[in-house]
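For reference, the structure discussed in these notes is given below.
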């Protein structure tokens, strides 16, 4: 099809690099038997343009396939075309998104006992092959995946109520809220404490009002990019130059937020909000390019759990595990954003489930920074393997190695990037200051049916399926 790139074309650049290397013994070796396998991998997506081959960009699949060829797991005869080896992935991940566990299936040469070590020797440290499992010839890692588990890492300060003087805070002053009194008291104490922190550094209330007014005026001028029905709010990439005074105020606020420790009631409110997603629902509002009447908008969420808070590098975080049969484009990030906003606005959790109905509301995407694929799950296929006395496709044997990898190459990079860029605060603070928004109309007004959709014009996003990112 015109404009579409075949997988053969997609691997050309990687294949040329392999073919240009000096000949090895493999070039002269007789044909070696290949076996269909499920290869268990993990990777940090930083610096990569996603999982799928996409030349001239560097991708996880590109580096993986090169390593298979160099290690002798794929023959030189098949080095220029992954389709010859039936090379497939269980789940795509987008640019910068990580995976503690993912699966690729292919016909691989497995005669060498040290083949995993040899493959890893040709990979950067941020990509690892954990092992492989022999399967039957018909195994396809994507089709036979029964469900997927994702993880989202969130700083707890993101759950704090909007600042009373912000545009959202002013809206909420006239809205009937259902949050427990303990959360209201905590919010009052938090925002008063921040004012005290400013005062301790010699910044007066008048200074703050002036600075906030300037910031609000800039926010009003900020370009808003809308992608389809999503109407995602994004900060303009051309950041305005900050004055020394504003930098000082920001530093005080950042330090104060990082010292925040959520009370148990706030974490419980978040858990209850996320439970609204469990079950079989129409998630047309939680993706792009899907209508209420489309069968593919219906998805099954098995469970959503929130860990107890943990303090890392002075900031408190929670880990959210999302276990679902399959996911649509941006679905998890929109689910997280909506649940956080329900807690921050103190509105009823039914605001989440009401969006499963035939209304249309644009939901912004929470930052990609906190998202990672935990693992694909093969319960159905594994039960068949068990009856045949074969090994299961599971990451359980590699739990210790994966945990160490996650902390070193994924979690630490998330924590470090947030400390440097303050992405979560920038995202929610912008929503708080933005005065014209369908979503905020919906959260603060019961007349949600008045919100209308706009046509979708992003073909790339419409084409994406079973891909969270």
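Cβ coordinates are placed from backbone N, Cα and C, and glycine is handled just like the others.
The annotation region 'Disordered' is assigned in TrEMBL to 13-33. The active site, nucleophile annotation in TrEMBL covers 94. Feature annotation from TrEMBL assigns substrate binding site to 150. The annotation domain 'Pseudouridine synthase I TruA alpha/beta' is assigned in TrEMBL to 273-379.
Note: the CA-CA distance between residue 94 (active site, nucleophile) and the residue listed as 'substrate binding site' rounds to 13 Å. The most densely surrounded of the recorded positions 94, 150, judged by C-beta neighbours within 10 angstroms, is 150.
In the domain 'Pseudouridine synthase I TruA alpha/beta' (273-379), the DSSP tally of helix, strand and coil residues is 35 helix, 33 strand, 39 coil.
If you average pLDDT over the domain 'Pseudouridine synthase I TruA alpha/beta' (273-379) in this model, you get 96.
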